[in-house]
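Now, the feature entries from Swiss-Prot:
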BINDING   31, 32, 33, 34, 35, 36, 37, 38  ATP binding site
DOMAIN    10-475  domain 'UvrD-like helicase ATP-binding'
DOMAIN    476-786  domain 'UvrD-like helicase C-terminal'
């Protein structure tokens, strides 16, 4: 169908217009970052409805996430409603408003689930199936692998024995089990998993495939050997310019002769390479040689570096690719074939048994969704089924978003329900292969690349390709820098796609013309003499300074109004490859009081509150685990002190378990009686919880622990209380989810948690920060995909690529299969096989390619300005970086494949042709926009030494002044003088705050307000606070005289803390028995009973308030809290006083869903003549109004609910607030 002519004045670019209307064949839209692909996709759907009259439920729209699906459906629904309002008589539009709710705009998994629900009879499964949780799936798969391995241990096939000896250790078979698990996940990402597993052995048996692998390694070796020869020749040329280096030249001449033989005839002579030694040692560069070439010091160093580079490149070929002769590599393949075949058999057994278990439990996982859908849509010969044909008739177009993240199974499903071939099909695909960063989820970017290379711009004879290259997100400096980097870094060899004119980004956003250069910051670490911080901590502190600089100096441009506003916290994001730097950043931002949030799915199990609950669960499951038992004892719940634990252990130093030591201590006559009682209560708790866990699910056990010990309340009152509370509820909810699976019990739940921790999986800290909250954010590049921020700080660039998987004994690859090292069982030695070497080389190339794509995603998140943060150890590392500058179109393939981290790649590109002669002892700034080559982007490269970075002042351009500018300052600059005077005259605006303590009790706040109202200075209250003693009165003073009033008050509060609330009021006799019990338990002293005002307590027991509490649903006693005063005072943003309130609430109860607090008062007061009870009550309320206000606001802040309160005076009665 012909694309309609684009009218004048429409907002769409030509490429977007084509993307909206192109039809009649399969269409692939290569949509670069920020090119408006979502808007185009929505507009295409709308035009299908409005222009072509297609019903919305006859379109299948596939998105990558459920969130994307909801957002897209919402956008489409809005547009339909707008069109319907504009044309109310249009019956077709009215129908669409109804049909939008049945429209298939979803993830492919959701579509597959719907397919299964409608056609379960084809699969012969129970229609009442449910989807298994991740917990259930992990445990069931682990259980299946264990059982299958045990079965094969019974068989003891020779190939199985060899496998276990190769892949297991003397202590465990964890590695063997992990490989089986990985193979399972790789296999089910294919349309026919069994067939994929069967083909794993083919390269080990067929010589033709082995020859292909040899050729692959030979071609790759040629790249490195050619680069090595170039480096060798450069070293020779440099040494030839010098005096006194004849011996050096002789060594290099010999190496050149050897290399010439290897490269003779344009081919790589691998046998000659493996048979001879290369890289002879160069003679030392003596002081005499340096003196003779004193004018060529840099050239001398460069010559040595070039020879070092030559050696490293040759070593890589000889060590990584051809450490053994090709014939030996082939011979090992034949011996490995039975092991590979048997390993595939084990995985097939796991797959079969795992499927059987899932069917018996009537559960499905996400892999089942895809494979069952494929089973419904295909016949046994792989051709589309009748059901597939019906879907082909129903769906008039299939639209796929994020096509670059599709896998082979999903591709097969789409091919079953699409119509026609590529030249006349109805499949519309949108994506950007440069943003394919989900290979760990088995995404296969080659599907996109194959179509991109096959489809044409005009679509003649095949599918149509449309390039959306105009970026509407970023300033031109961000785009030109991104283009410049990737023009030199990415091509088909490394990166898997050519970054040419069609792939690059074109400026399309309506920004003004102001200058916003990209900033590349190179941080040189301070050594231990200059800083106690690690390199990572130094980088974190430096990032904070960059944030402060942005907040003070940068503005955000509003495209709609054409005006600027000040930068805020939420405008800034810090992107990293992983969350490894999160803790350092959190601490650094905390030190500067900058609101900061880590958008993390990691670190959950490291949170204090979560570790406490897990220690509790582990101790209940098995108290013989010392770490968890002692951890629970030392926690805020039980509060055993270190010296108490020492006493216990000293008495039984040879016990195997601390639990045994506790029991022995309790039974020892010489033991401290108070500690024995404390231990008895602790063991009683443990035994009680153990008994409870036998009859109740895990989530109820956790809930009981929370309620018994006020865990939620305690952690809610700490700094970060909202997040801590969310974490605790998150663990509770996970326990509920776990209990809803087919697994039960505390042991299984702990096993599940251990499995997640071992695999590096996290629930993630519960997110309590919304998208509009004004905080600086840190997130991984993966989680930032699809988002945009005015200011992006891309840090962690110097962190090395994670190549851990390349060191495993088994390398997996979707295209090639399985590469296994050869293990000589007799010699117990492992050797690289042809397959393991070749697949490792392929995996390394794919890994670096994906890391490049991650860099692309990170750079293209920035709207206003981009900051790139690299870090080097010292000046020597900086000098080596300078040597990386390139002069060609691309960085050499070998340089890219061996680059340790993104920073090496980025710096080598952006520092191209830059002078390395600036003195190292000066901070400097190199603006590569000033270089004559006009194609260069606008980038500032700054070298910063950490010891020069002040963590108290903001780094600005003054930190990088040239020598001339410094001289001008010395001669006297009026601006500088004015600045100095301004700083000396500066008056600190918050002087009063320096006189206030950072932490105050509620009682102190009450005194503060009372003194302010009476005209007394706060300093006197502060002096009172400092002088007030909280230590207990020594026994010798207690024994000599009566208790003081405040001590009696404390005693009365202690009695009330433990007082039972019964619907049938306790009698005076029972009260005496209860107090005797407190004495027996050493809660109060033996002589305290005489000072307890029994009559006043009985008056309370007979009061209405006692009855109300006795009938309450929940009662909590003596609740401590710590809360930010700004939150309690509900201060506006920016007026927050950094002051913490701490206190203790006597009692809280919940009745009819409402929370009430009670505060007991032992005050003595004089009843003035003629004063009524009402007047006395008003006077008492006024006296404590400040304190009660803080209690009420604190609880409302913590609970997020309305709270009411009571004051109870033992000498007056009840006052309701």
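Just so it is clear, glycine is given a Cβ too, placed from its N, Cα and C backbone atoms.
Neighbours of residue 37 (ATP binding site), defined as other CB atoms within 10 A of its CB across all chains, total 21. DSSP assigns residue 36 (ATP binding site) to coil, not to a helix or a strand. Within 10 Å of the C-beta of residue 32 (ATP binding site) there are 24 other C-beta atoms, taking all protein chains into account. Here the binding-site residues are 35, 38, and the one with the most other Cβ atoms within 10 Å of its Cβ is 35. Neighbouring residues of the recorded ATP site, listed in sequence order and excluding 31, 32, 33, 34, 35, 36, 37, 38, comprise 40, 432, 468, 471, 472 (Cβ within 8 Å of the Cβ centroid).
Counting every protein chain shown, the Cβ of residue 36 (ATP binding site) has 22 other Cβ atoms within 10 Å. Around residue 33 (ATP binding site), a 10 Å sphere centred on its CB holds 24 further CB atoms from the protein chains shown.
For the recorded site, residue 31 (ATP binding site), the DSSP three-state label reads strand. The average pLDDT computed over the domain 'UvrD-like helicase ATP-binding' (10-475) stands at 93. Counting only same-chain residues six or more apart in sequence, the Cβ atoms lying under 8 angstroms from the Cβ of residue 31 (ATP binding site) belong to 19, 37, 40, 430, 431, 432, 468.
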